[in-house]
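Taken from Swiss-Prot as is:
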- C34-C63: disulfide bond (DISULFID)
- C58-C115: disulfide bond (DISULFID)
- C72-C79: disulfide bond (DISULFID)
- 31-132: domain 'Ig-like V-type' (DOMAIN)
- N75: N-linked glycosylation site (CARBOHYD)
- N94: N-linked glycosylation site (CARBOHYD)
- N110: N-linked glycosylation site (CARBOHYD)
- 1-30: signal peptide (SIGNAL)
- 31-157: topological domain 'Extracellular' (TOPO_DOM)
- 179-289: topological domain 'Cytoplasmic' (TOPO_DOM)
- 158-178: transmembrane segment (TRANSMEM)
Amino acid sequence: MKTLPAMLGTGKLFWVFFLIPYLDIWNIHGKESCDVQLYIKRQSEHSILAGDPFELECPVKYCANRPHVTWCKLNGTTCVKLEDRQTSWKEEKNISFFILHFEPVLPNDNGSYRCSANFQSNLIESHSTTLYVTDVKSASERPSKDEMASRPWLLYRLLPLGGLPLLITTCFCLFCCLRRHQGKQNELSDTAGREINLVDAHLKSEQTEASTRQNSQVLLSETGIYDNDPDLCFRMQEGSEVYSNPCLEENKPGIVYASLNHSVIGPNSRLARNVKEAPTEYASICVRS
């Protein structure tokens, strides 16, 4: 069976009309994927210290030919190109990075930056990114993000230390109270001891006075003068140191002997023990009628 030319022409037209939509879609997506795109987030910020090196990246996506990309710094409404700065490319699998180098960062680098790409006579600009440069002198005054993040942990660590002075103060107050209580008890015991000593001294003084009186009475009773009175013949006592001639005749003269007692009686009786006793003196008295 022979195919007619008209049938062949109809088949070709059918395949052409069937493939046109797919070819158009592929072509459209191909154009979209090959457009240059700059991926800088809107209102992005970077905080850096003056004197440190820094790399500002501009993510660029393209197809075959790499576009010409530049950096500029915003000054009011205009953007001044930074052609004298060091730049470089960093290629990765699905995207590339156009890098602006700061070696080192200076205080006047503070501001907003923007990258732009020139592709097929078209200028594509990115969103601006801002650099906040902190001077080294004021860096110690402004805490970093790491320090701000570590502050809660620092507070948790300092909480036990905050209770330590309170504990020390409480212990010191308790110690002072105990010392005062012991001092009061010592004062009370000293006062009671003094009162007891005063009572004992008073009793001792009374006993000393009583013994002194008894000794004086005994000495007075032991000391006497004897004569020839017949009534005194029988008045001699034991331990008497006076000797007389008893029971003499009435008309005869008699001799009486008397002893002189030099004992010391008084509060300083202890001193008398160290004093040597003088020899006893006797006196003879002749009594005549």
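One is the number of the first residue shown, and numbering goes on along the chain from there.
The backbone N, Cα and C atoms fix where each Cβ goes, glycine too.
Computed from a predicted structure; not experimentally measured.
This view paints the features noted in Swiss-Prot onto the structure.
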residue : record                      : Cβ neighbours (10 Å)
C34     : disulfide bond              : 14
C58     : disulfide bond              : 23
C63     : disulfide bond              : 13
C72     : disulfide bond              : 19
N75     : N-linked glycosylation site : 10
C79     : disulfide bond              : 18
N94     : N-linked glycosylation site : 5
N110    : N-linked glycosylation site : 15
C115    : disulfide bond              : 26
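The separation of N94 (N-linked glycosylation site) from C115 (disulfide bond), Cα to Cα, is 19 Å.
The recorded positions recorded for this entry are C58, C63, N94, and the Cα of C58 lies nearest to that of C72 (disulfide bond). Closest by Cα distance to N94 (N-linked glycosylation site), from the recorded positions C34, C63, C79, N110, is C63. For C58 (disulfide bond) paired with N75 (N-linked glycosylation site), the C-alpha to C-alpha distance reads 19 Å. Distance from the CA of C79 (disulfide bond) to the CA of N110 (N-linked glycosylation site) is 14 Å. C79 (disulfide bond) and C34 (disulfide bond) have their C-alpha atoms 27 Å apart, to the nearest angstrom. Residues belonging to the topological domain 'Extracellular' (31-157) score a mean pLDDT of 85 in the model. Secondary structure at N110 (N-linked glycosylation site), taken from DSSP and collapsed to helix, strand or coil, is coil. The DSSP breakdown of the domain 'Ig-like V-type' (31-132) into helical (H, G, I), extended (E, B) and coil residues amounts to 6 helix, 57 strand, 39 coil.
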